[in-house]
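Asker: Straight out of Swiss-Prot:
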type: BINDING; residues: 656, 659, 661, 666; note: Ca(2+) 1 binding site
type: BINDING; residues: 729, 731, 733, 735, 740; note: Ca(2+) 3 binding site
type: BINDING; residues: 794, 796, 798, 800; note: Ca(2+) 4 binding site
type: COMPBIAS; residues: 629-639; note: compositional bias 'Low complexity'
type: DOMAIN; residues: 74-417; note: domain 'Calpain catalytic'
type: DOMAIN; residues: 643-677; note: domain 'EF-hand 1'
type: DOMAIN; residues: 686-719; note: domain 'EF-hand 2'
type: DOMAIN; residues: 716-751; note: domain 'EF-hand 3'
type: DOMAIN; residues: 781-815; note: domain 'EF-hand 4'
type: REGION; residues: 7-36; note: region 'Disordered'
type: REGION; residues: 418-586; note: region 'Domain III'
type: REGION; residues: 587-649; note: region 'Linker'
type: REGION; residues: 605-646; note: region 'Disordered'
type: REGION; residues: 650-815; note: region 'Domain IV'
């Protein structure tokens with residue numbers, strides 16, 4: 001049996017007690033500045049039926065811009081209005097921000113002044129240093145910058161108060177349109193701003209990103225990798241610097257050369273997430289205090305003396321007494337951009353240097369190689385010019401590589417391709433993208449510490465077809481990278497959502513199962529160990545890792561650490577050579593052909609169709625007398641009536657009356673009378689709605705009633721399904737776990753895909769993810785009825801049917 005998942009425990013995002021128990025805790029990612037709650041989303045596989053009534057198609061930026069110019073009005077964004085709803089969702093703030101357009105804030109506003117660069121970014125009073133650190137990295141790659149920030153925008157030519165920015169969003173690029181109203185206090189920007197008072201590209205980019213996630217507050221706290229990926233569509237690798245490879249400097253250098261984005265941070269040993277208020281202090285009052293203390297003089301373009309005071313300037317994120325700045329000037333729990341690597345000749349020796357930037361635009365490293373370090377005088381003047389050394393408080397500074405790896409704990413690298421940074425070769429990689437979801441009670445099975453449910457997680461077959469082209473490597477190996485990303489958790493924070501702890505495992509598929517797209521069952525995972533897996537389960541938006549495995553067929557199982565956690569994800573697989581990656585989906589089918597009893601016009605026709613038969617006109621019900629005289633024996637029955645059959649006949653006669661047919665109310669009485677005599681089956685009986693569905697299943701002439709023969713057919717089915725139910729009701733509670741419903745449905749001869757299993761769970765499980773006997777039978781009745789109806793219409797057997805509106809409504813309304 002595979003071993004239990006073990007994972008190292010990284011610093012937690014908040015001060016909270018560990019849960020007791022033998023299962024090892026997953027690693028926790030240190031979100032740079034905030035926390036959140038936890039909630040399950042609402043999933044419906046048939047939500048698309050509501051799409052036509054949601055609204056008209058969104059207009060493009062060009063259409064909106066043109067319309068505003070024609071009407072000579074300034075654009076106001078109805079989806080992200082300039083009011084409190086776009087700012088914060090958790091509480092009402094005690095001060096009121098004034099929304100102003102740039103021409104109302106200053107004279108001669110400009111979108112970009114002398115090119116967008118990293119010194120244009122100064123953090124405001126929102127805990128989104130992770131986002132701003134990524135912007136600083138983005139400015140180092142002009143090609144990427146122009147993709148995210150279209151430069152044909154202006155406050156002068158064709159100005160209409162409308163701007164747009166582009167972000168990579170879960171596999172596709174989206175255009176986010178905003179108005180240019182920005183929150184201010186005392187006529188100063190509250191959030192991100194530029195060193196130039198009249199430059200606004202960074203503030204507007206932040207607003208567009210806030211709209212993408214639902215509010216400004218949603219940007220509070222995160223990891224730099226999130227924004228890096230949203231700017232590039234790249235794939236991120238995450239390094240714990242203390243456990244990093246010996247050639248880390250080489251890796252960082254190659255990242256710079258290839259245009260990769262890099263960020264770093266220092267774990268906060270206080271267990272307080274940076275950017276959150278201390279216990280007992282209201283966050284609204286805290287930010288209000290900060291905003292009121294903003295020093296307007298900081299917005300002048302004149303240089304500031306960085307050594308004038310040991311106190312941090314008043315334009316801060318948190319009050320000085322709550323900051324986590326160290327004596328060396330670095331800040332714990334804070335995101336920095338890595339903006340350069342170099343080497344300098346110092347006293348006859350080469351010294352490796354790293355250039356970093358604090359998104360605050362101030363508060364810098366004060367050790368060796370800092371701006372004001374006295375030994376810069378020993379460096380050649382031309383070298384200093386090449387390194388752009390300046391004594392300015394702009395948040396950017398140099399430090400030695402040795403000091404960097406000593407003080408910093410995390411390094412995040414967003415690669416624009418999946419090429420390994422240890423390699424000197426650039427490859428053309430193939431990528432496959434699969435979207436999926438974990439649905440509570442059906443496909444949210446948790447990690448392999450939970451063997452009863454792990455197998456229910458979504459599964460993705462990966463076929464590695466060709467080995468790598470590496471003449472120096474004698475192994476027959478395929479290199480690939482797997483990246484699992486959870487979707488929309490930040491946007492759903494206002495609903496209580498937080499990042500799940502996620503990871504994945506990779507299993508090799510036995511040769512005899514190659515090409516078989518069936519979902520691997522529980523026993524497979526009980527007796528087969530994984531060939532590879534993510535290094536750890538961690539609460540980051542994306543988990544990625546490189547692997548080298550022989551050509552073969554594998555299955556990737558993405559999961560949350562705990563079961564029953566519902567969410568969406570995308571799974572990306574990058575490989576040097578051709579690969580095939582697709583979700584495992586069972587073929588929808590039913591085991592044995594059953595008589596198809598269904599007509600397209602119930603009111604006027606009386607047809608009974610078989611799977612391999614032509615329809616027979618005029619074949620209807622026999623009279624009650626004939627049915628009673630010569631009942632058709634059921635499979636497995638003897639000629640002589642059993643005690644149960646005699647009991648049925650007597651009860652049926654008592655309830656049915658002279659016409660020997662029963663309606664839904666009468667069927668309920670018959671079934672519940674018989675079921676109650678089965679003491680080994682705990683059930684509250686059948687509901688009227690279930691009985692109506694049963695009649696719809698067995699009714700051959702649209703009368704809305706069942707005769708004795710039809711009732712016998714129905715009861716035999718219920719008995720067969722009852723055996724399946726009792727098999728999975730292991731604790732004899734009268735319910736089965738929704739995760740077992742997949743196997744129960746399969747045992748009954750119905751083979752469905754993952755989407756249909758999800759629908760069954762949503763439709764028939766209770767809030768505890770249990771399914772009682774009545775719901776169980778009702779589900780099977782509906783399944784059999786739908787399969788019968790489909791086969792009745794699928795006259796040519798090609799698996800496709802065409803219905804007119806009358807047939808469709810008849811099919812769905814009487815079922």
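Residue numbering: from 1, along the chain as shown.
Even glycines carry a Cβ here, placed using N, Cα and C.
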Asker: Hey, of the binding-site residues listed (733, 735), which one tops the CB count within 10 A?
Answerer: 735
Asker: Sort the residues of the domain 'EF-hand 2' (686-719) into helix, strand and coil with DSSP and give the three counts.
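Answerer: Residue counts in helix, strand and coil order: 23 helix, 2 strand, 9 coil.
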Asker: In the structure shown, with every protein chain counted, which of the binding-site residues 659, 794, 796 has the densest set of Cβ atoms within 10 angstroms of its Cβ?
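Answerer: Highest number of other Cβ atoms within 10 Å: 794.
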Asker: Please tell me which one of the binding-site residues listed here (659, 661, 800) sits closest to residue 731 (Ca(2+) 3 binding site), measuring Cα to Cα?
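Answerer: That would be 661, the closest of 659, 661, 800 to residue 731 (Ca(2+) 3 binding site).
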Asker: Between residue 740 (Ca(2+) 3 binding site) and residue 800 (Ca(2+) 4 binding site), find the distance joining the two CA atoms and give it rounded to the nearest Å.
Answerer: 30
Asker: Residues sitting near the domain 'EF-hand 1' (643-677): Cβ under 8 Å, six or more positions beyond its termini, same chain?
Answerer: 624, 627-628, 637, 683, 685-688, 691-692, 694-695, 703-708, 711-712, 715, 718
Asker: Starting from the Cβ of residue 731 (Ca(2+) 3 binding site), draw a 10 Å sphere and report how many other Cβ atoms land inside it.
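Answerer: Residue 731 (Ca(2+) 3 binding site): 8 neighbouring Cβ atoms within 10 Å.
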Asker: How many Å lie between the Cα of residue 656 (Ca(2+) 1 binding site) and the Cα of residue 800 (Ca(2+) 4 binding site)?
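Answerer: Cα-Cα distance, residue 656 (Ca(2+) 1 binding site) to residue 800 (Ca(2+) 4 binding site): 40 Å.
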Asker: Please report the three-state DSSP label of residue 731 (Ca(2+) 3 binding site).
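Answerer: In three-state terms, residue 731 (Ca(2+) 3 binding site) counts as coil.
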Asker: In whole Å, how far is residue 661 (Ca(2+) 1 binding site) from residue 796 (Ca(2+) 4 binding site) when you measure between their Cα atoms?
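Answerer: One finds 35 Å between the Cα atoms of these residues.
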Asker: For the recorded Ca(2+) 4 site, whose residues are 794, 796, 798, 800, find every other residue on that chain with a C-beta no more than 8 angstroms from the centre of their C-beta atoms, and list them by sequence position.
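Answerer: Here the non-site neighbours turn out to be 795, 797, 799, 801.
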Asker: Helix, strand or coil: which one is residue 661 (Ca(2+) 1 binding site) in, per DSSP?
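Answerer: Strand, per DSSP.
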